[in-house]
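Novice: The domain 'MTTase N-terminal' feature in TrEMBL is assigned to 1-105. Among the features that TrEMBL reports, domain 'Radical SAM core' is placed at 123-357. Under the heading [4Fe-4S] cluster binding site, TrEMBL lists 137, 141, 144. What TrEMBL records for 360-421 is domain 'TRAM'.
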Ligand code: 5AD
Ligand code: SF4
């Protein structure tokens with residue numbers, strides 16, 4: 001989401017304020033740092049980084065801090081680093097064109113207004129676009145700072161979403177990534193009075209867009225993966241067959257303490273149902289280890305789910321205590337840091353072994369790839385429908401095309417082969 005927010009900021013500044021992007025810090029008239037506050041470390045890094053920017057920037061260049069840490073710390077950022085020119089929260093990025101010229105501006109309201117999502121179209125790579133379908137989050141996962149930085153969950157009207165995707169398709173995009181903290185609770189609440197809507201229905205609306213070939217989304221919540229959604233996901237040929245299912249923990253009692261709303265069995269049931277309907281499905285996940293109170297037995301439940309589902313990619317995190325979260329009340333049950341680190345390592349090792357077993361099975365297979373980029377070494381790369389990253393020798397003629405590639409080499413995270421058609 002932050003990546004897309006950054007692209008929107010860039011597009012707005014290019015359209016309304018005549019800025020262009022530079023990769024050289026010393027040349028910049030404006031330096032923007034877009035921040036995440038989900039875990040503590042990046043927040044700590046923020047002040048040392050902006051200090052460095054302040055030293056290196058050219059005379060008169062402005063510095064802006066945007067994103068979740070901006071929402072969370074607000075004016076304190078300017079108090080602590082007075083050379084920061086403006087602060088813009090995660091839900092206010094459409095105001096970038098206004099605050100950029102106001103020294104000391106702090107815009108961090110989490111009030112809603114649909115016009116907040118009408119951005120200039122960001123130029124991502126030419127073949128894909130990302131579109132926010134909702135903002136905020138109504139869940140109360142006890143470890144998570146997001147509801148307090150991004151506010152209550154509000155869905156963006158379906159017709160606005162379709163129009164935005166259509167615009168990108170008209171300029172050559174064939175793939176869309178739908179973004180929200182909790183995409184499959186889409187349609188519960190809009191900023192205007194209108195009937196409820198469902199994520200499944202939105203997927204159906206979007207798949208009617210001609211020339212749009214691939215639909216992806218992140219993140220869905222395992223709790224809301226009902227049968228209707230799973231069936232649409234399985235049968236709709238435009239939906240990419242790679243799904244993110246954030247597990248967080250495999251222990252039912254830790255899931256309860258996290259207030260995730262599902263059990264280990266529910267998660268396994270949903271994953272197996274998906275796998276049964278879609279043999280080529282790839283599943284990615286997020287896991288937090290060392291949540292307060294996590295015993296060896298709880299952690300073994302997580303490993304058990306990992307061993308049963310055999311995720312294709314795992315984003316692992318060690319629990320990080322965050323302000324404004326319920327889990328702070330559990331601080332007496334904190335897991336010692338060395339145990340947390342050992343669990344993280346064990347998880348990473350097990351996952352590595354899974355990939356070392358599964359990836360070589362792709363050798364000899366022919367996969368269909370949307371070629372997206374050309375590298376200086378004469379290789380092209382792109383993704384399959386189930387989101388394998390694939391490399392092959394090739395030229396710019398292949399860019400934007402779907403081509404068949406026969407795989408003859410694998411790593412743990414990518415495939416390599418020869419273009420056959
Ligand atoms: N500590 C560690 N990881 C966290 N995440 C969210 N909050 C925390 C936290 N306090 C992880 C979750 C989420 C991902 C985006 O970040 O796994 O899915
Ligand atoms: Fe945070 Fe839970 Fe909302 Fe995800 S669903 S953003 S983890 S509160």
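Heads up, the Cβ atoms here are built off N, Cα and C, so glycines get one too.
Where the annotation comes from TrEMBL, it is an automatic prediction and has not been curated.
Each of the listed features needs to be described in terms of its position in the shown structure.
Specialist: The DSSP secondary structure for residue 137 ([4Fe-4S] cluster binding site) is coil. Note: residue 137 ([4Fe-4S] cluster binding site) has non-local neighbours 144, 146, 147, 150, 152, 153, 181, 182, i.e. same-chain residues 6+ apart with C-beta under 8 A of its own C-beta.
Here the domain 'TRAM' (360-421) has, by DSSP, the following mix of helix, strand and coil residues: 6 helix, 35 strand, 21 coil.
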Novice: Which binding-site residues from the list 137, 141, 144 come close to ligand 1, meaning a Cβ under 6 Å from one of its atoms?
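Specialist: Only 144 qualify.
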Novice: What counts of helix, strand and coil residues does DSSP assign across the domain 'MTTase N-terminal' (1-105)?
Specialist: 55 helix, 17 strand, 33 coil
Novice: Hey, for the [4Fe-4S] cluster site built from 137, 141, 144, who else sits with CB inside 8 A of the CB center?
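Specialist: In sequence order, the nearby non-listed residues are 139, 140, 143, 145, 146, 147, 181.
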